[in-house]
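To start, the structure under review is shown below, and the notes come after it.
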Amino acid sequence: MAAPDSRLPNIALAGPTAAGKTAAALALAAALGRRQAVEIISVDSALVYRGMDIGSAKPTPAERAAVPHHLIDIRDPLQAYSAAEFVQDARRLIGEIRARGALPLLVGGTMLYFKALFDGLDAMPAADPAVRARLNARAAEQGWPALHTELARVDPVTAARLAPGDSQRIQRALEVWQISGQPLSSFHAIEKGAAGAYGACACALFSLEPQDRAWLHERIARRFDAMLAAGFIAEVQALRARGDLHPDLPAMRCVGYRQVWEALDWQARHAGGPPLHGAPLHARGMDAVRERGVAATRQLAKRQITWLRSMPQRHTTACDQPQAVAQLVQAVLQRLEQHAP
């Protein structure tokens, strides 16, 4: 194997859900491994959670054994994981992987994470009068302590330092969460960090994108069916059975998990109590899970593709073509040759 070359760029592989990123990443790691060891950094907000294997399409133990993987199974579903934490972890891992003489390969579909890594993290969002009006209306009906309880679910760090009646600060924290999807505490962590700690990170970006959207839609449907057959419902039932999780948590808002949780809630309301772990979901509920889960996943894929198309510097491979993986591998090798001594 060639000696490590620090001039080689970090490689990023992005794409919509069900585009075949995991298989492509493993093939790419095998090809690159002939010249330099490769380690994969996951860029996926669902894969960070333990106990969420089926619905997140988590790489199998065999796949993770074939190539070192990072940022998988690093959080309990009760915990949040922000874009700021991802950037901090990814930058640290890139340095550690480089120090081992290996090449970082960042793979995933959480575009907020990629954006934060490539561009640096945005400043805290500005106030939104419409969001504030909705929060004020809820507070008038439920009281600020109720909204403080909600804040504790999505941003426990901020909630812990605020009194239940601190309406102004509770409103701002929930406003930031609703606008950005990130807890207020994550922005404070950025502001307190060392200069440049969360700046942009240079990567050569490659993407897998379908030429035919119907091809991806069909793959999404088939994969969701495979998840259901593999025990996805039981996986969510086991998470519910813990008793400390709820649907407002970031982990439980992941596509697929939200739809299964909602179906189980519906069955609990209409069938005399919550289903026990392993109990079958009624046919009506199963139909709803499939319909809503597939639709939500397709919407996610649409948003991912829209984000990718805003990145003109990417190298795109058509993932719905027969030789897609081989073409991707060749494109990455050519890019690395440009940096070879």
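The first residue you see is number 1, and the count goes up from there.
For all residues, glycine too, the Cβ spot is worked out from N, Cα and C.
Features as listed in Swiss-Prot:
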type	residues	note
BINDING	GLY15, PRO16, THR17, ALA18, ALA19, GLY20, LYS21, THR22	ATP binding site
BINDING	THR17, ALA18, ALA19, GLY20, LYS21, THR22	substrate binding site
REGION	44-47	region 'Interaction with substrate tRNA'
SITE	THR110	site 'Interaction with substrate tRNA'
SITE	ARG132	site 'Interaction with substrate tRNA'
REGION	168-172	region 'Interaction with substrate tRNA'
REGION	253-258	region 'Interaction with substrate tRNA'
REGION	302-309	region 'Interaction with substrate tRNA'
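The structure, with features from Swiss-Prot marked on it.
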residue : record                                 : Cβ within 10 Å
GLY15   : ATP binding site                       : 27
PRO16   : ATP binding site                       : 29
THR17   : ATP binding site                       : 22
ALA18   : ATP binding site                       : 24
ALA19   : ATP binding site                       : 27
GLY20   : ATP binding site                       : 20
LYS21   : ATP binding site                       : 23
THR22   : ATP binding site                       : 20
THR110  : site 'Interaction with substrate tRNA' : 19
ARG132  : site 'Interaction with substrate tRNA' : 15
How many of the residues that make up the region 'Interaction with substrate tRNA' (253-258) does DSSP mark as helix, as strand and as coil?
3 helix, 0 strand, 3 coil
Using a Cβ cut-off under 8 Å, which residues of the same chain at least 6 positions beyond either end of the region 'Interaction with substrate tRNA' (253-258) come close to it?
17, 45-46, 49, 52, 55-56, 224, 227, 232, 236, 239, 247, 293, 296-297, 300
Additional residues around ATP, ordered along the sequence, whose Cβ is within 8 Å of the centroid of GLY15, PRO16, THR17, ALA18, ALA19, GLY20, LYS21, THR22:
GLY109, LEU208, CYS319
Express the predicted model's confidence over the region 'Interaction with substrate tRNA' (44-47) as a mean pLDDT, rounded to an integer.
97
In the same chain, outside THR17, ALA18, ALA19, GLY20, LYS21, THR22, whose C-beta lies within 8 angstroms of the Cβ mean position for the substrate site?
GLY15, PRO16, ALA23, ALA24, ALA57, GLY109, LEU208, ARG219, CYS319
How far is it from THR110 (site 'Interaction with substrate tRNA') to GLY20 (ATP binding site), counting Cα to Cα, in Å?
15
Express the distance between the Cα positions of LYS21 (ATP binding site) and ARG132 (site 'Interaction with substrate tRNA') as a whole number of Å.
39
Local backbone state of ARG132 (site 'Interaction with substrate tRNA'), from DSSP in three classes:
helix
Roughly how many angstrom lie between the C-alpha atoms of GLY15 (ATP binding site) and ARG132 (site 'Interaction with substrate tRNA')?
35
